[in-house]
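Taken verbatim from Swiss-Prot:
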ACT_SITE  Glu174  active site
ACT_SITE  His250  active site
ACT_SITE  Cys371  active site, nucleophile
BINDING   19-28, Asn110, 137-138, Arg214, Asp252, Asn365  substrate binding site
Amino acid sequence: MKSCEVNFDGLVGPTHNYGGLSYGNVASQSNSQQCSNPREAALQGLAKMKALMDMGFTQGVLAPQERPDVASLRQLGFTGSDEQVIEKAARQDMPLLVASCSASSMWVANAATVSPSADTADGRVHFTAANLNCKYHRSIEHPTTSRVLGAMFADAKHFAHHPALPSVAQFGDEGAANHTRFCQDYGQAGVEFFVFGRSAFDTRYAAPQKYPARQTLEASRAVARLHGLSDECVVYGQQNPAVIDQGVFHNDVIAVGNGEVLFYHEDAFLHTEQMLGELRDKLSRAGGQLQAVCVPRAEVSVQDAVRSYLFNSQLLSRPDGSMLLIVPQECQANANVWGYLQRLIADAGPVAEVKVFDLKQSMQNGGGPACLRLRVALNETELAAVNPGVIMTAPLYETLTQWVDRHYRDRMSENDLADPRLLTECRTALDELTQILKLGAVYPFQLN
């Protein structure tokens with residue numbers, strides 16, 4: 001039976017704004033308080049989805065969250081009607097309103113960790129929603145994330161869903177942004193690579209000094225257990241604390257993997273050779289052969305990697321066995337990075353082509369092509385069991401672009417978040433979206 005990897009891209013929500021909420025994310029902090037353009041952001045994301053679909057890749061879409069999150073504001077003591085809750089939050093504690101309006105759920109690489117059926121003990125695709133407990137504005141996402149994923153992958157015969165891990169620092173889990181799967185073929189058993197930034201309970205592990213390590217070893221181990229993964233198909237690697245302190249807040253900012261290829265920066269990991277040896281050994285036993293493509297710091301610095309998001313790219317397998325690298329246009333604007341990419345293609349290695357996309361609205365908030373997608377490897381039977389409403393087609397693309405044009409503003413400042421009309425606009429848009437994507441009731445305002 002044939003299998004493929006499906007990229008489910010996050011649809012940017014109507015409240016996309018530059019709140020500067022993500023300490024440790026250089027782009028997020030440096031663009032704080034600028035005016036954003038939610039309409040442009042959503043259309044840029046949809047254009048990437050359409051382009052990949054046109055290239056022959058199976059492409060899906062993942063719905064945004066309800067924002068402003070009035071229910072979360074009520075939990076924090078704001079009372080009255082929904083409009084009064086927003087007005088009080090704006091007057092008494094504007095940072096909380098900004099956090100409750102974040103459109104960060106567009107970066108669905110953090111939505112969950114996914115293990116395909118070829119790796120799991122019960123032969124089902126397993127999903128664990130990420131608790132994202134390091135940042136308040138993201139920690140409130142996982143209940144809706146779980147409902148949306150449940151509506152997309154509803155058939156319990158093929159799909160298993162786990163709630164987020166306990167929302168405490170010891171089990172900080174950032175989802176697929178710190179998880180890569182290596183395999184000879186998507187339908188065969190592979191090796192799942194979990195990258196962590198620190199250990200919560202074992203002081204022998206190093207930790208960053210400036211910025212937080214968002215993923216713990218304990219969280220990664222818990223997800224592997226929940227998914228029924230054997231020790232033979234799991235490798236744990238530690239991210240270099242020094243690069244976390246340079247703004248590499250997730251592993252997908254310094255490395256990307258697909259198939260048998262790991263594309264990574266020389267400074268990405270601790271104990272790199274030992275880690276690569278374990279990956280090679282376990283992948284070999286699964287029938288694959290690891291190809292490690294290391295980018296030397298002498299050619300691309302960590303600073304250039306963070307500025308350009310070279311590694312926050314999509315590495316996609318083409319039918320002829322070669323690979324395509326999807327990068328943001330910031331890579332083209334960086335002479336060191338673009339020079340390296342030209343040499344990479346010329347070297348006749350696994351990466352045969354680079355395609356550039358304009359994702360400026362997302363990039364300015366700290367998220368590139370890889371942040372915007374959740375990868376799910378599916379066989380033909382499983383793909384047929386996915387809610388068809390979330391699989392991108394030419395008609396769906398047209399419907400969604402028209403939906404964005406109808407409902408999204410072209411300018412969003414901090415003051416706009418306090419506009420009581422914004423709540424009505426967003427709920428109207430999302431209510432229509434759940435009908436377009438055939439999700440049913442997934443948002444708090446639809447459930448209450």
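Just so it is clear, glycine is given a Cβ too, placed from its N, Cα and C backbone atoms.
Classification of Asn110 (substrate binding site) by DSSP places it within a helix. Each of the recorded positions Arg138, His250 was scored by the number of other CB atoms within 10 A of its CB, and the lowest score belongs to Arg138.
Counting every protein chain shown, the number of other Cβ atoms lying within 10 Å of the Cβ of the residue listed as 'active site, nucleophile' is 26.
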